[in-house]
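Structure, as structure tokens:
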Amino acid sequence: MYKFYKTGFRNPNLTLKEKLYNLNLTYFFFIFMLASIGVLMLYSAANGNWHVWALKHAVRFALSVTVMLVLTLTDIKVFLHYAYYFYLISLFLLIVVEVAGHKGMGATRWINLGFMKLQPSELMKIALVLALAKYFHSTTLQNIETIPGIVPPLLMALVPAALIMLQPDLGTALMLLFTTGVILFVVGVQLWKFVAVGVGALAMMPIAWHFLHDYQRQRVLTFLNPERDPLGAGYHIMQSKIALGSGGVFGKGFLNGTQSHLNFLPEKHTDFIFTMLSEEFGIIGALLVVVLNLLILLYSYSFAFKTTSYFGKLVIIGLSTNYFLYIFINISMVLGMIPVVGVPLPMISYGGTVMLSVLASFGIVMAMYVNRNTNLGKD
């Protein structure tokens with residue numbers, strides 16, 4: 001059991017020593033385990049070479065952990081105060097992507113900083129949650145039920161989602177909208193309104209189809225029938241299913257995956273790394289990764305129940321939902337349950353901005369938990 005220092009109204013701030021005592025080390029252990037698995041799988045993806053992806057992944061993890069710890073020890077009033085500023089900066093960076101973004105693999109999603117490629121949409125996943133949490137922390141349920149009260153949070157979500165759709169990045173845009181929906185549900189928006197939006201969305205699908213890019217339409221058609229073009233649009237998912245099935249219960253062994261090492265499996269170091277892991281370590285290895293992620297989610301959502309501030313609860317729920325969507329979409333994608341949308345598996349897939357974004361989210365979640373009895377009042 002961890003010793004927890006409670007804060008009173010007259011002394012709402014914890015000392016550094018008290019914050020360190022309040023850290024949940026088990027939570028950090030699960031995160032470290034997943035990152036370690038990621039290093040091993042990237043080593044295997046490069047055919048036993050540390051220098052292609054694995055070493056860079058380890059360095060990025062170390063740097064991101066530093067950011068996570070700094071955020072963990074940050075006063076949560078800082079997040080509340082600067083939430084809108086962070087949102088506006090992230091929104092500005094999304095606009096910069098449209099004007100002068102770096103293009104890669106048919107999409108314009110990055111800003112080339114020289115030493116790294118920054119993906120602003122990953123920052124927006126955090127910024128949107130903080131901004132929505134601040135908004136609902138400062139308003140009332142009665143106000144939310146009015147049109148003037150619900151329009152601002154809807155615009156907060158729809159504007160960046162539209163900019164991200166233009167990149168194009170359908171997966172991230174849908175993640176933003178889904179997370180917003182979860183937060184709206186938690187704050188008390190009536191269920192029938194979600195049903196109405198859902199029915200409206202279904203009615204708009206034929207129109208939306210015409211606005212999709214050709215490759216996005218192909219992904220949907222391939223999802224419905226992968227065998228229609230096994231050497232073209234259906235190649236990714238067909239090879240993924242072959243690799244998943246060939247792994248069996250215990251897998252082919254570390255560095256012995258045939259589909260991945262013979263380069264039949266595309267994007268094995270990013271989107272389809274879970275497939276490679278399943279081929280080499282079988283169902284047992286795949287379940288280990290799933291269980292570790294479920295434990296992280298269980299701990300994260302449990303922190304929300306233990307946090308007294310409304311702002312803290314909403315931040316934890318929003319960021320935890322973001323993480324859940326990463327896991328759900330990536331694994332469902334490689335299993336052929338949903339169309340391929342290019343969402344990586346956090347801490348295992350290769351990618352610097354995603355690593356930084358996810359660990360920063362964990363740091364903010366832990367900050368809310370460490371300061372769970374801090375009284376933020378109402379703005």
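Numbers here mean position along the shown chain, with the first residue as 1.
The backbone N, Cα and C atoms fix where each Cβ goes, glycine too.
Straight from TrEMBL, the features:
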- 25-46: transmembrane segment (TRANSMEM)
- 82-101: transmembrane segment (TRANSMEM)
- 147-166: transmembrane segment (TRANSMEM)
- 173-189: transmembrane segment (TRANSMEM)
- 195-212: transmembrane segment (TRANSMEM)
- 281-303: transmembrane segment (TRANSMEM)
- 323-343: transmembrane segment (TRANSMEM)
- 350-370: transmembrane segment (TRANSMEM)
Checklist entry - Hey, which bits of the same chain come close to the transmembrane segment (173-189), Cβ under 8 Å, at least six residues off its ends? => result 124-125, 128-129, 132-133, 136, 141, 144-145, 150, 153-154, 156-158, 160-162, 164-165, 313-314, 317-318, 321-322, 325-326, 329, 341, 343
Checklist outcome for this item: Under 8 Å Cβ-Cβ from the transmembrane segment (350-370), and at least six residues away from its ends along the same chain, one finds 14, 19, 22-24, 27, 31, 38, 42, 45, 53, 56-57, 60-61, 63-65, 67-74, 76, 79, 110, 116-119, 122-123, 125-126, 130, 269-270, 273, 300, 303-304, 306-307, 309, 312-313, 315-316, 319-320, 322-323, 326, 344
Checklist entry - So which of 82-101, 281-303, 323-343 is most in touch with the transmembrane segment (25-46), counting Cβ pairs under 8 Å? => result 281-303
Checklist outcome for this item: Near the transmembrane segment (82-101) in space but 6 or more residues beyond its ends, with Cβ under 8 Å, are 108-111, 118, 120-121, 123-124, 126-128, 130-131, 133-134, 156, 159-160, 163-164, 166-167
